[in-house]
Every structure is written in structure tokens, then in C-alpha cells.
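Record features, source Swiss-Prot:
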type	residues	note
BINDING	G169, D170, R171, Q172, I173, G174, K175, T176	ATP binding site
SITE	S373	site 'Required for activity'
Amino acid sequence: MQLSPSEISGLIKQRIEKFDNSVELKSEGTIVSVADGIVTIYGLNDVTAGEMIKLPGDVYGLALNLNTDSVGAVVLGDYEHIKEGDKAYCTGRILEVPVGEALLGRVVDALGNPIDGKGEVATDLTSPIEKIAPGVIWRKSVDQALQTGIKSIDSMVPIGRGQRELIIGDRQIGKTAIAVDTIINQKGTGVKCIYVAIGQKASTIANIVRQLEEYGAMEHTIIVAATASDSAALQYIAPYAGCSMGEYFRDRGQDALIVYDDLTKQAWAYRQISLLLRRPPGREAYPGDVFYLHSRLLERAARVNEEYVEKFTNGEVKGKTGSLTALPIIETQAGDISAFVPTNVISITDGQIFLETDLFNSGLRPAINPGNSVSRVGGAAQTKIIKKLGGGIRLALAQYRELEAFSQFASDLDEATRAQLNRGQRVTELLKQKQFSTLSVALMALSLYAADNGYLDNLEVSEVIPFESALHALAETKYSDVIAEINETDKYDADIADKLKIIVEDCKANQAW
């Protein structure tokens, strides 16, 4: 077979047209040391801060230290197979985690990989773990309540959607219990919840998952778990990963709640990483940027306006505001709230719920100290009826605390002082609440009305809780229409006050407790 010159030239032209001489440039470095989850890489010239670095064995590192001639990176995973002399490559990407509705009801690790044995997460959406918080122009003031269902919080330290409210106290005094109750109370409200467990035992996290499933709260909750057995790197990035998952809902005009349990352990993990990276230590051996560690995380919790949501969704969602409410938890040592990390987070957040060991041991649970606890913006978001009825509760407790210390020295007290002490004791008893027994707005208002109007004054202290239980049972059976009306409107006027009075007096007359 003989080809003509024209056919040969045609074939050559075709081959030239199809020839693809693409050159892929990769920045390559050499690992010069690996120890304690930290790799030092020489020769990565184009790496950026926070970039993912491809390491041997399908493992990635996070570039944290950019030196003149080397890069310090923390390994996100197992590093025992990595050795000196191995190659490392830039990826040009920063760390992203999966986001979206498909994550609801799932337990994932800090990188978004499922760890609950229910298969892969069915989402293609991802989001960077580090994002700039919305600016002032895109924010809206906090004016919608986020009901926790806990009397002492909703009446005295109200939380609004888009607020950052710190829960602070020693270990084992009910910080997580408050957060879990708040998540359970969001059932049916449309608020999506993210619970970030940092440095906790796997058994503790499994117990929380079981509790949320038992009370039907898991279907609106994502759990991000960086257990005590996970590396410091995963404990450090877990809150940022959880925040990105929450921002997915915020940016689409929905409401979300995120619990960081707890940021003390994240600060410990970051301190460990920083010391291993040879960063200069400061107060309590923390690095200089530990304030920025928490501020850049908590500033991402916000209420955003309609324009922000419309711009983010390219006009798909209009006329809706979004919010991400944060409940960071800080563990103190022997009640010392003046330590480095507690003071940092107190200054960043919009208020704090302070739990005290002495109150917990005396039987007051939740062990909230109303004197040290404050909500800086939640008052504007409080439901009308709770705001009206809760004012008297705070006043009664303030007077009680003042007189309680004085009464220990005074032998004969006048009638008015004795009445204030009696009411204070009964209000304190009323604020006791068992875990997993959150209240609706109407039932809470009923309890506060009874206390505010002196219906508890002639009861024994031991009768207060049984009376409240009987009052709620009566209201839910005989006066369910009133309860439904209050829950729907949350208004407080003379008509509602009269209806509450009828219910309380009916219960007092029955004496069925």
C-alpha cells in the first residue's frame, strides 16, 4: 500500500491538531522532619497560609508556619508512614468540608467524614472552614427569641437568634446539659442545630447522640466530633468545620444554632500545635494569637439581613433574614473566670451564663448564678409575655440575695423583709428544672405569673415544684386553648392576665398537688 504525499501531509496535520502538550506545574518539596504530627518541608515556595499540602499515603497537611526556607504543617490524619525525604506537593486549595441538608441527623468528624456507620453523606456541596464574617452593613439587629425552654435562662438571661452567649463554669456542673436541652427545645421551630464536641470521650459523645435520638432532636442536628483520641489538629479545626456547616443555613435565610463544647479544649489543642511549631509562648504558654483564634470563629455567628441572603443566593431567596446563634462553652478551673481564655471569650461574646459549683451542690439545677450572668442583646429579642412576667423574678432574686446575707446577722426582721426572703426562697425553688423537661412559652409564663403575683408565698418551699407540676397538668388538659393561644401569639395583655389568673386560682382551689 502506497500513500500519496497529500495524504501523508493530511495525516501529519491531523496529528499536529490533536497533539496536546499541556504542562502541569506542581510545587514540590521535600520533608526534612516529621514528629508529633508536625512536618517540616523544604522547597515549597508557592504555598499559602492555610493551604492543603499533599503528603504521602493520601494524607493532607495544613500549612501553618511559612518560614524563609521551610514550611511547618500539621498533619490531618495518621503520620506514622511519613518519613524524612518523602515528597510533598502544593494543592492550591484551602481546607473545605461538606455542607448541606444531607448532614442533618449524621455524626461526622472534623473533616466532614461520616463516623456513625450510616454510609456516605449524600452531598456534593463543600465550603471552606475559614471564612470572613459578614460585615456591619450585612448584619441585622437581634430581635427574635431563641427559646431554650429553661426558666432561669429565658426569663433572666434571654438569648436571641444571631447572638453569641457563653456558657461558663467548672467541670461536671451542667454546661452540656443546658446546651443539649436547648437543642431538644428547637424541635419543630425550624432551627437547625450543630453540636461540636471537642476533646471529649467517645462514650460521652455517643451518650449525647442517644439522648438527642430519644427526644427526636437528631433529625434537625449535625454532630461534629473531634474526640480526645483525635489529633490536636482535628480538635483545632473542628469548630471552624461546624461553623461552616451552620453558615450554609444562615446564608440561605434559615436559622441555625451551634454549640461549641468546649472552646477551652480547642485552645489547649492550638497551644500544643503552636508550641510544636516553635512559636513563641505568651501568657499561660498560649501563643500570641489565641484571642484571634476565638474571635474569628465567634464573629461568624450573626443575624444577616434580607439583602445579604438575596445576594448570596443570587435572588433565589428574597425577604428572609438568616441567623447563626452560637453557644460557646468554656470550662473554668475552680471558678476562676479571670484566667486567659475565659476573659478572652467573655469579651468576644454578647453575654454569659455563669454556672457555680456551690449552687449545683446545694441542689439548684441548672446552677445559674443570676448575679454574674448577663445577656447584652437578648432583652430586645425576648418574647413579650416572658419579658413582662420575668422582670419581677429578677427583682425578687436580687432582693433575696441582698437580704439573705444580711439576715444571717439580724435576729429580728420586720414583716416586709421576711416577706421578701420568703418569696426569694420560693422563686429560687421554682427555677429548679430537671434535664430534658423544657417548657413551652405558655407553661413558663404560667409559672412566672404564679410567682410574680404571690401565689407561691403561702406554700411550703417543698410544695413549690409539686404545685408547678399540677398547674402545668391542669393547664394542658382543661385550659389547652389558652396555652395554644399564648404559644401562638406570645402577647401579654389584661385578657391574657385574667386567663392566667383563672388557671392558677383553679389549681390553688383544687389542692391536688
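Placed from the backbone N, Cα and C atoms, the Cβ positions cover glycine too.
Here the features listed in Swiss-Prot are placed on the structure.
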residue: G169; record: ATP binding site; DSSP class: strand
residue: G174; record: ATP binding site; DSSP class: coil
residue: S373; record: site 'Required for activity'; DSSP class: coil
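Of the listed recorded positions, namely Q172, S373, the sparsest CB environment within 10 A is found at Q172. Apart from G169, D170, R171, Q172, I173, G174, K175, T176, the residues listed for ATP, the same chain places the Cβ atoms of E331, L355, F360 within 8 Å of the centroid of those Cβ atoms. Counting only residues at least six positions away in the same chain, the Cβ atoms of L355, F360, R365, P366, A367, Q435 sit under 8 Å from the Cβ of G174 (ATP binding site). If you draw a 10 Å sphere around the CB of T176 (ATP binding site), it holds 21 other CB atoms from the protein chains shown. Sequence-distant contacts of G169 (ATP binding site), defined as residues of its own chain at least six apart whose C-beta falls under 8 angstroms from its C-beta, comprise K175, E331, T332, G335, F354, L355, E356, T357, A367.
If you take the Cα of I173 (ATP binding site) and the Cα of S373 (site 'Required for activity'), they are about 15 angstrom apart, rounded to a whole number.
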